[in-house]
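*Asks:* Got a structure for you, written out below as structure tokens; questions coming shortly.
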Amino acid sequence: MAGVMKLACLLLACMIVAGPITSNAALSCGSVNSNLAACIGYVLQGGVIPPACCSGVKNLNSIAKTTPDRQQACNCIQGAARALGSGLNAGRAAGIPKACGVNIPYKISTSTNCKTVR
């Protein structure tokens, strides 16, 4: 399991360096990934959601107020989920906002059409 966490951390570092997917949004994937980094262990291994994960989700929700920023956040989250691969528990990831008391305007899922997020 330590190898999985090392791989997840390496992927996260690459995603932070990669930056934004689109140029219409002020929000970068680096910012999204930084805010959600504390959630990786939970979505891969389960257990208790770390308080830092909830803080990151709340912060990300507060900075992603415009439609382009929300769409960008959605795209970044999907990219991170794809990078984590089969080790990702989609149900855990989808449940984080509610567990953290955050209402986001879209479902956390790789099947979400980010273009429809408002």
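Just so you know, glycine gets a Cβ as well, placed from its N, Cα and C.
According to Swiss-Prot, the signal peptide annotation covers 1-25, on the basis of sequence analysis. Residues or ranges marked as disulfide bond by Swiss-Prot on the basis of sequence analysis: CYS29-CYS76, CYS39-CYS53, CYS54-CYS100, CYS74-CYS114.
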*Asks:* At the level of the C-alpha atoms, what whole-angstrom distance separates CYS54 (disulfide bond) and CYS39 (disulfide bond)?
*Replies:* 8
*Asks:* When the Cα-Cα distance from CYS76 (disulfide bond) is computed for each of the disulfide-bonded residues CYS39, CYS53, CYS100, CYS114, which gives the smallest value?
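*Replies:* Closest by Cα: CYS114.
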*Asks:* Near the Cβ of CYS39 (disulfide bond), how many other Cβ atoms are there if near means within 10 Å?
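*Replies:* The Cβ of CYS39 (disulfide bond) has 21 Cβ neighbours within 10 Å.
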*Asks:* Checking the disulfide-bonded residues CYS29, CYS74, CYS100, CYS114, which are within 10 Å of CYS53 (disulfide bond) at the Cα level?
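*Replies:* Of CYS29, CYS74, CYS100, CYS114, within range: CYS100.
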*Asks:* Nearest to CYS39 (disulfide bond) by Cα distance: which of the disulfide-bonded residues CYS29, CYS74, CYS100, CYS114 is it?
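*Replies:* Spatially nearest to CYS39 (disulfide bond) by Cα position is CYS100.
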